[in-house]
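Read through the structure below, which is laid out as structure tokens, and then see the notes.
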Amino acid sequence: MTATPKPLVLIILDGFGHSESHEGNAILAAKMPVMDRLYKTMPNGLISGSGMDVGLPDGQMGNSEVGHMNLGAGRVVYQDFTRVTKAIRDGEFFENPTICAAVDKAVSAGKAVHIMGLLSDGGVHSHQDHLVAMAELAVRRGADKIYLHAFLDGRDTPPRSAKKSLELMDETFARLGKGRIATIIGRYFAMDRDNRWDRVSTAYNLIVDSSAEFHAATGVAGLEAAYARDENDEFVKATRIGEPANVEDGDAVVFMNFRADRARELTRVFVEDDFKDFERARQPKVNYVMLTQYAASIPAPSAFAAGSLKNVLGEYLADNGKTQLRIAETEKYAHVTFFFSGGREEPFPGEERILIPSPKVATYDLQPEMSAPEVTDKIVDAIEHQRYDVIIVNYANGDMVGHSGIMEAAIKAVEYLDVCVGRITDALEKVGGEALITADHGNVEQMTDDATGQAHTAHTSEPVPFVYVGKRQLKVREGGVLADVAPTMLQLLGMEKPQEMTGHSILVEE
């Protein structure tokens, strides 16, 4: 194995995409002398961090979880959204043994099928097309009583956009000749992830016992009444639609969210016999199915089992005796550890982790530097003492300040990043180390919505930069994706990539 400079640093600038448009582009509006110099003097190009290139449906913007999973895996990791969509298209979904078993059991006992989930086209936690497919499956399996418990979005979709989704489900049930919307409630209640059990209990009691502050003849009528009360989709209060459709013993309950974090709490209320976070009036004995595995500790089957990733970058470095540091502030710590390691919580042998607390402010536009200076102090110290073969760092600023929609703060955020990158590259030059600079997805390069003129707070589908910083004569090939970053790092370290990594190095000899 050839001797390699020490260390190799992967700098992930979260939410730092590339756009030629100056409109609302915090990166082009900022003074970034370090990045400007690197773009002029170092091999660089653009790589893709969205859509099929990261295992998402075509055109779907990337996100931090997906981005880090692809960066660390060295292969395109097909996301749950894509797996479910593909299964529906192929017809496999309608034969899914876990869902079919639960539905068949309910049907043979003359019981109901309850479908619940986030009803929107946001594609972040769920997709309405999946709920349509579930209704079709229930009808195909002979169910007569099919009830939809719709959680309304307004967070990954515009604040008042649920009407078309409710109409889609009404049309679906009319076409199928069976089924109806039974309840509507905002995701604020049904999809909490911070142990706010008062909210979750409101959703649970609505679904199980039709216990509701409001009721309406149709889903759309219930929504319009909520708007009249000045409630946006996310905050729509518990509303029963039509006659009560309570959950009874022997019913099937299928939760159609594919993302786990906001589906765990409500699921636990349904399935845990020793649940103690609030007093349940009733716990019906149901055939419960999670669309994906929300947590290994939850005693319920999942329709799509979690896949495990072998020989991700962290594991392969450890197996080859290399040391590594993972470092980020709180907001992105899970991404640079758990997600970058392919969904593994524990560190690999020779892996150290540093968590820098994120600042305690209401929103990060109030402190756009976040904890980047403290993160950088630790990295510079680690480089100077040459403690690790590889350092992997995430800077949260571009994404977290980008989500605020406030342009001035976003400009300050990326200017702080430029200073931090300068400190790291200066330290590396002194010890003969190297760096790769990239991002997981875009955000801060688009702070205004061209269509509406309003603040743009979401991620983008723009490509992200890729920069090599070091002494080697290399150039960046075109067509790279996030999955190519780990193989590139192994090339720089003089290591063969494992066969599980299907990505290819982005750097080629000049």
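Placed from the backbone N, Cα and C atoms, the Cβ positions cover glycine too.
Not measured: the values here are computed from a predicted model.
The substrate site recorded in Swiss-Prot comprises H125, R155, D156, R193, R259, A260, D261, R262, K332 together with one of R187, R199, R268, namely R187. Per Swiss-Prot, the candidate among S64, S358, S371, S505 that belongs to the Mn(2+) 2 site alongside D14, D440, H441 is S64. Swiss-Prot annotates D399, H403 as Mn(2+) 1-binding residues; of H459, H504, the candidate listed for that same site is H459.
Cα of S64 (Mn(2+) 2 binding site) to Cα of R193 (substrate binding site): a span of 18 Å.
Between the C-alpha atoms of D156 (substrate binding site) and H459 (Mn(2+) 1 binding site), the distance comes to 10 Å.
When other Cβ atoms within 10 Å of the Cβ of D14 (Mn(2+) 2 binding site) are tallied across all protein chains shown, the result is 26. With the fewest other Cβ atoms inside 10 Å of its Cβ, the least crowded of the binding-site residues D156, D399, D440 in this structure is D156. Cα of A260 (substrate binding site) to Cα of D440 (Mn(2+) 2 binding site): a distance of 20 Å. Counting other Cβ atoms within 10 Å of each Cβ, the lowest count among the binding-site residues H125, R262, H441 belongs to R262. H441 (Mn(2+) 2 binding site) is 18 Å away from H125 (substrate binding site) when you measure Cα to Cα.
When Cβ atoms from all protein chains are considered, those within 10 Å of S64 (Mn(2+) 2 binding site) total 24, not counting its own.
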